[in-house]
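Okay, structure first, notes after.
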Amino acid sequence: MAEKIIRTIGVLTSGGDAPGMNAAIRAVVRTALGKGVKVRGIRRGYQGLLNEEIIDLTARDVSDTIQRGGTILQTARCEEMRTEEGQQKAAAICKKYGIDGLVVIGGDGSFAGAQKLANLGINTIGLPGTIDLDIACTEYTIGFDTAVNTAMEAIDKVRDTSTSHERCSIIEVMGRDAGYLALWCGIANGAERILMPEEHDYNEDAIVADIQECRKRGKKNYIIINAEGVGDSINMAKRIEEATGMETRATILGHMQRGGSPTCKDRVYASVMGAMAVDLLMEGKSNRVVGYREGRYVDFDIDEALGMNKGIPDYQYEIAKELAL
Ligand code: ADP
Ligand code: F6P
């Protein structure tokens, strides 16, 4: 591919925030500056781009940020960006500010925006930023490792009180339409049941029967990890308590899963991905998304990445069930 000269790189975070986004921003800023390229930070995602909330970023602006959760650039969801007029306006604003390369940190929706901008002549690179792990082209997303560890620690705490009271606990974790957080917590916390939107065999009668069977076998509690894509935890708790006679409580972990200082893994992977985004732009690449597969950092065409599918690994799910004996 012919080299395009990149003089200014823009960076924005979009969609739900995720721990490690700051490490990615920092890596974009410092890698670009190190190569003599100017960096502009765009606040509040695509909404901020359309509102021209654009600031210059220096190496010092990203000091003391690698350990912080959230995103120093703020994030937003933006309906206008889904429209053709919004996309054209966004591309024109990039051009007005001399942004010839744009790094978009977010999920599939954010990549769709980056794809539209690439088609309008702005060189774009997407970095996978979401606690949900629901991006098909990559085995790793920025923020998942921190979120799953945060959820795991919270579930350990619920388990203590659940054991003391010999209760059933239904703990709802985030993940939107995906069950990865639920699956990982289910294994890491030794849950008796994992409910995920991807599994269609969810059967409450079978759960009730299993709870009764587990009590006979001397289990002191019964932990159900429920993905938010299944939801209904509070009503489910009432129904299960009524059917089993076992006291049942629902805990919805909520947004605490999205906050907190990123783990080492999220800091390191996000840093590498941020640097890689700049390198790809400098090589003249556009409409690419960075991922991590089979032990390597890789990049894909955004069109191809958005067309990929990803499911819950059956073997892991089977193991989770076997270990709940
Ligand atoms: P995520 O990036 O985590 O998947 P969303 O689906 O909420 O989160 O998308 C984030 C933002 O990306 C949206 O608010 C919107 O501004 C933009 N976006 C989503 N889908 C599209 C699309 N099809 N075309 C253009 N922009 C989009
Ligand atoms: O995509 C990240 C995520 O936290 C999902 O797990 C959840 O469904 C959603 O965002 C919640 O979004 P909001 O913060 O807008 O309520």
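Every residue, even glycine, has its Cβ placed from backbone N, Cα and C.
It should be emphasised that the depicted structure is a prediction, and the values quoted were computed from it without experimental measurement.
Here the domain 'Phosphofructokinase' (9-281) returns a mean pLDDT of 97 for the predicted model. The domain 'Phosphofructokinase' annotation in TrEMBL covers 9-281.
Sequence-distant contacts of G109 (ATP binding site), defined by Cβ-Cβ distance under 8 angstroms and a gap of at least six in the same chain, are S14, G15, R77. For G16, R77, C78, G107, D108, G109, S110, the entry in TrEMBL reads ATP binding site.
Residues or ranges marked as ADP binding site in TrEMBL: R26, A27, V28, V29, R30, R159, G190, A191, E192, R217, K219, K220, N221. Taking a C-beta cut-off of under 8 Å and a sequence gap of six or more, N221 (ADP binding site) has these contacts in its own chain: R159, S162, T163, E166, R167, C168, S169.
For D108, the entry in TrEMBL reads Mg(2+) binding site. A simple way to gauge crowding: the CB of D108 (ATP binding site) has 20 other CB atoms within 10 angstroms, across all the protein chains here.
Residues or ranges marked as substrate binding site by TrEMBL: T130, I131, D132, R167, M174, G175, R176, E228, R249, H255, M256, Q257, R258. Spatially close to M174 (substrate binding site) yet at least six residues away along the chain are I131, D132, A147, A151, L181, E228, L253, G254, Q257, R258, judged by Cβ distances under 8 angstroms.
Positions annotated as active site, proton acceptor by TrEMBL: D132. In the three-state DSSP scheme, D132 (substrate binding site) falls into the coil class.
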Filter the candidate list G107, M174, R176, K219, R249 of binding-site residues, keeping only entries whose CB is under 6 Å from an atom of ligand 1.
G107
Same chain, not part of G16, R77, C78, G107, D108, G109, S110: whose C-beta falls within 8 angstroms of the C-beta centre of the ATP site? Give them in sequence order.
S14, G15, G45, G106, G113
Out of V28, C78, M256, which of the binding-site residues has the smallest number of neighbouring Cβ atoms within 10 Å?
M256
G107 (ATP binding site): which of the binding-site residues T130, R176, E192, K219, M256 have a C-alpha within 10 angstroms of it?
T130
